[in-house]
C-alpha cells in the first residue's frame, strides 16, 4: 500500500528533529513532509485507476475508498505546497529555535490527517483525530509570543470540551452497540445503527455533529478560528484552513451520512447552519485589517458554502427521483467547493506568508505597493482572490454556481433562500478581496521600494495552488470523476468549456468580446500621468499617509450594516464570557489533579494566573528535559492530564448510557 510510503516519509520527517541545527532541521523535515504529501497524491491516483484498497498500516486497519481519496487529494495538494513553502518561510522563527518540535509536530499533523480519512475503525479514527488536534495545538503556540500562547491554549481547551468529549461519548455509544473495540469498523457500526433505537441514533448523531461543527468552525462554534489562524505560522495556517477543516467533512459523511443515514430534517439543519455561517463569516471578514484574520473569517464563510451544498444533498437524496438528482448535484457541489476552497485558501495564506516574510507584518494598514516588487506573488494572490470571489474562469465559480443551481431547483423555500443568500454574499467576498489585494499590492509605498521577491521554493509552493485555480476552472473535468461519489447526474456539458452546436455559444461570445475590448483599448489607449497628491504645502506629512488604508475600505459597510456588527459583538462578548468561565473551571480542577507540593491555595481564574503561580507538578518532574525546552507548556499540560482523565471517564459513561438506551 502506497500509504505506507507516505507515513514513512512523515516519520522520517519527524526523526529529522534529531539534527541540532534549526535551519537544517526545518528544511529537511519540511522536505520530507513534501515527499510524504506527494506519496498521498500517488495513493489517490492508484485508487482512482485501480479501485479501493484495504489492509493494515502498522497494525491499524485502513481502507482507501472513493471518499477517502477526495480528502487525501486535499491533504496531499495543500501539504505539498505548504511544506515546500515552509522550507524558507520557517526561517522567521529561527530565534525561537526548537526546530525538533516543529519537525515532529508538523509531520505528525499531516500523518494524523491521513490516518483520520483512511482508518477503517472508529477507535483509530478518534486516535488520529486527537493526534491531529494535539499536533496542531503545538504548532499554533510555536512562536511562544504571549498572545499566540493564549490563542493556542484556548484553541486546545475549546477542542477538549466541544470536540474531544462529544467524540469520545459517541465512541462509547458505538462501543455499547457493537460490543467490543475490535468490532468498531464503520461497516459494523452501520449495521448496528440499522437496528438501533431512534434515541440512540439521535444521541450519536448529535454528539458527532457538535464535534464536526466545532472543527469546521461553524456557527456558533467559530470563535476559535480567527485567533488560532493568526497565531500559527502562516504555512501551518494554510494547512489548517485548507486541509484540517475538511477532515470534519469526511467525518460528517463517513460517520453520520453513511453510518447512521440522513433525512430531510437533518439535511435542512446542515444547510441552514451553512447559510448562516457563510453570511456571518464573510461579513466579519469585511472589517478585518489583519490579513490572516481576514482569511480566517473567510474560511468560516467558505465552509458555510460547503455545508450548504452537503445539506442540500442530505435533505434531497433520500427523496429520490428528480429531487434526489438535485440533491446529488448539491452534495457534489459541496465536495467540489471543499477541494476548491482548499486550493485557493491555502494559496491565499501562502501569499500572505510571502508578504510577511519580506515585510515582517500582515497588517493591511501598513502594507502597499508590493505589486511592483513582488510581481509573481502578487499574480498568485490575484488568481486566488478571483477564485474565492467566484469570478470565472477560476475554480470557485463552478462549485458556487452548482450550489446556487441545486438550491434553486430544490423545491424548498428554505434551501432556495440559502442559495440566493450565498449568491449575494459572493459580492461581499469580492469586496473583501479588493481590500485584501489592493492594500497589499496596489498603490505605492516608499518603505517597500527595495523589497525583493521571495525565494523560488516559496513561489513554487504558491503557484502549485494558484495555477490549479485556473486549471480546474477551465478544465473542471480533471477532478469531477474523483468527486462524484454521490452519482450526481452530470453530463460532460456541465463541466466542459467548449464550443457547442447551439444558437448562442458563451465561449465564442467571451472570446469575441475579449478581442473587441482589447482592440478598442489599443485604438483609444488612455494616457496616464503621474502626479503627487496636493498636501496644502505641508513638508511634514509622509506621502504614504495619503493612501487609503484597509480601514478606509470598511467605513462604507459600517454605515450600512453597522447594527449587524454591533449585534455580533454582543454575541461575541456572551460567548467570550462563557469560554472564560469554562477556562476558569478547567484550570481550577487541573491545579488539584496535578499538585504534589502542598502550597497555600491561590485563585487561578485566568491563564496569566496560572503562569504566575509557582507550583510543582508531577509532569514537570517526569518530563523535566522536555519542559526545559517547552517551558510554555506548563500552562497546558495540567489541562491535558485532566482532559485525559475526563475522556477516559466519559468513554465509560458513554458506554453505560448507550447500553441503557439499547436495553
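Cβ coordinates are placed from backbone N, Cα and C, and glycine is handled just like the others.
TrEMBL has this to say about the protein:
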- 120-426: domain 'NADH:quinone oxidoreductase/Mrp antiporter transmembrane' (DOMAIN)
- 6-22: transmembrane segment (TRANSMEM)
- 29-48: transmembrane segment (TRANSMEM)
- 68-87: transmembrane segment (TRANSMEM)
- 99-118: transmembrane segment (TRANSMEM)
- 124-143: transmembrane segment (TRANSMEM)
- 155-177: transmembrane segment (TRANSMEM)
- 234-257: transmembrane segment (TRANSMEM)
- 263-286: transmembrane segment (TRANSMEM)
- 295-316: transmembrane segment (TRANSMEM)
- 414-438: transmembrane segment (TRANSMEM)
- 503-524: transmembrane segment (TRANSMEM)
- 642-662: transmembrane segment (TRANSMEM)
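Distant neighbours of the transmembrane segment (68-87): 26-27, 30-31, 33-34, 36-41, 43-44, 47-48, 106, 110, 113-114, 117-118, 233, 235-236, 238-239, 242-243, 246-247, 249-250, 335, 338-339, 342-343, 346-347, 350, 353-354, 457-458, 460-462, 464-465, 468, 479, 482-483, 485; these residues of the same chain sit at least 6 beyond its ends, with a Cβ under 8 Å from one of its Cβ atoms. Contact between the transmembrane segment (99-118) and the transmembrane segment (6-22) is supported by 3 or more Cβ pairs under 8 Å, counting only residues 6 or more apart in sequence.
Between the transmembrane segment (29-48) and the stretches 6-22, 155-177, 234-257, 414-438, the greatest number of Cβ pairs separated by less than 8 Å involves 6-22. Between the transmembrane segment (124-143) and the transmembrane segment (155-177), the number of CB pairs under 8 angstroms, six or more residues apart, is three or more, so the stretches are in contact. Contact check: the transmembrane segment (234-257) against the transmembrane segment (295-316) gives at least three Cβ pairs closer than 8 Å, residues 6 or more apart, which meets the contact criterion.
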